[in-house]
Every structure is written in structure tokens, then in C-alpha cells.
Amino acid sequence: MSYTDTVLSSLKLGQKTEYTGEYDPTLLQAVPRKLNRDHLGITEQQPFNQGADVWTCYEVSWLNLNGLPQVAIAEVVIDANSENLIESKSFKLYLNSVNQTTFESLEQVEYIIESDLSRCACGLVWVKIHKLSEYKNEIIADFSGECIDEQDIEIDNYQYSAQYLEHSAEGEEVEETLVSHLLKSNCLITSQPDWGSVQIHYVGKKINREKLLRYLVSFREHNEFHEQCVERIFTDLMTFAKPEKLMVYARYTRRGGLEINPFRANFDAMPQHIRMARQ
């Protein structure tokens, strides 16, 4: 069995598990980013120098000193330069273990979750916990940019193919932002569908929108984690379109109370922090 198979087979994802009511940071499981980056040929030198996996956690709860349950929404930012990504089911199980644990304050919960995730990721992690009264002001918004989804084209292939991007960037130099809501891939372990929207901001030769849309749709039967899909899209665009500047940002729908929104860029980019219609 290969190292990759050994790591993936050890994950709780896709396996029957028991839920615990006692705080247990050992429930968190790491997936080395190196596993997928080796396949992409970017382990030694990533084509991006900025990036993070931005999680929104909708099922965060604990007990205060009086035993009264508290509920909140957490935003977690995991640096893309961390050694590991966090496996999502293990994260859910970990948060469940916090439910019946007493903490002195919201700030203590923030600190403990941030510390535990940092150790698991072997890198920088930031955690911000919001009271529901704060988060209710989050408005539903959309990515800025031009949506490429309304093209009158026939699609007959849903197997991943980077070849759609061949000769996709020719002609004039532009700076533009393109958006698609048709991104769909499948979990690497369970093959459950992952639904997302993707924003691509670039400076370079104008990218053919039909070829780009066909490429994005080809992820429809592709099995890979959210973070890995975004790094694959980024790497493929750099390989075939060769833009001077590039940011790829995806926002996925939630599963199990968690949503993952990765972005990668090769310049000092600041992605929109928004809540989309499907989130």
C-alpha cells in the first residue's frame, strides 16, 4: 500500500464513528498537502504565494460556567503554507466533542480551537467566533465579476481534463474577473458531491470563456478535496494560460455544518469575504 493510500485509509471520513461528548483534540486528523502537490508537481515550488482555506463552522457550541449551552458561528482561516489540511469529518467530530465541555468565555473557546487546529495543520491558523446576534447582519452577496455560465454550448464530457485549456489564452492583454457557479466535484473518500462557485481574477492574455467553462464542468465527476481542486485549477491555468497575475477562489456549500472556501493567488490578493446564496 502506498503512503498516500495509507494516509487516506486511516481517515475517519467514510467510516462509522462514535460521537463523544468529551473534549478531545486527538479527534482532529491531518492530510499532508504534499500528497496532492506531488501529483501536481508543485511540492517544491508552488505557483502561488498567497492563500488560505477559509472555513465557516455553523454548529459551534459549549457550556458556560453555569452549565448553560452557548451557540455561535466560527470562522477559521488555515494558511495554505501549513503542512497539512484538516480533514472535514474529523473537524466535525472535534467540534462535537466541545459541545458538553465547560469554558470560561468565548475567547477561551477561540484560543483552544485555534491552538488545536494549528497543531494539527502544522501551520498558522486564525479563529474568530461570532455570536448569532453579530452574524445575522451578514448579507447574501455574489462574487464580483462576469459570470460565464450562460453560454449556449453542448457538453458531453464530465471527466476532468486540463486539455480544454490548451490554446485558451491568446490575443490582447486584459485584467478581468470571471465567475462560474457550475463547479462540482466529489469527495475524495466518499464520492459525495461538493457544490461550489469559483471566481478567477487574472492579468494576462484573454482567456477563452468557452474553453474555461468546459474545463470547469469537467470536474463534475472528479474526486478530490475542495482545497486540492482549487490548487489544481490554479496550476492548470498557470500551465496553459500563463497569466502574469492569478487568483482562484472557490466557495462551497456546507456539509455537516461546515463549509470550506479555499483561495490561492500569486500576488497580494484580498478575496471578498461574502456569504453566497447557497451558503
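Glycine too: its Cβ is placed from the backbone N, Cα and C atoms.
Feature list (source: Swiss-Prot):
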ACT_SITE  CYS187  active site, thioimide intermediate
ACT_SITE  ASP194  active site, proton donor
BINDING   ILE86, GLU87, SER88, HIS226, GLU227  substrate binding site
BINDING   SER88, LYS89, ARG255, GLY256  NADPH binding site
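Just so you know, of the binding-site residues LYS89, HIS226, ARG255, the Cβ with the fewest other Cβ atoms around it within 10 Å is the one at ARG255. Annotated substrate site ILE86, GLU87, SER88, HIS226, GLU227; additional same-chain residues within 8 Å of its Cβ mean position, judged by their own Cβ, are VAL31, ASP53, LEU85, PHE91, PHE225, ILE260. When the CA atoms are compared, the recorded positions lying within 10 A of HIS226 (substrate binding site) are ASP194, out of the candidates ASP194, ARG255, GLY256. Classification of GLU87 (substrate binding site) by DSSP places it in coil, neither helical nor stranded. Of all the recorded positions in the list ILE86, CYS187, GLU227, the shortest Cα-Cα distance to ARG255 (NADPH binding site) is found for CYS187. GLU227 (substrate binding site) sits 11 Å from the residue listed as 'active site, thioimide intermediate', counting Cα to Cα. Binding-site extent for substrate: residues ILE86, GLU87, SER88, HIS226, GLU227, maximum pairwise Cα distance 11 Å (rounded to the nearest whole number). Of all the recorded positions listed (ILE86, CYS187), ILE86 sits in the most crowded Cβ setting, with the most other Cβ atoms within 10 Å.
Distance between Cα atoms for GLY256 (NADPH binding site) and GLU87 (substrate binding site): 13 Å, as a whole number.
Largest Cα to Cα distance within the recorded NADPH binders SER88, LYS89, ARG255, GLY256: about 9 Å as a whole number. The residue listed as 'active site, proton donor' is 7 Å away from the residue listed as 'active site, thioimide intermediate' when you measure Cα to Cα.
Distance between Cα atoms for LYS89 (NADPH binding site) and ASP194 (active site, proton donor): 14 Å, as a whole number.
Note: the CA-CA distance between ILE86 (substrate binding site) and ASP194 (active site, proton donor) rounds to 16 Å.
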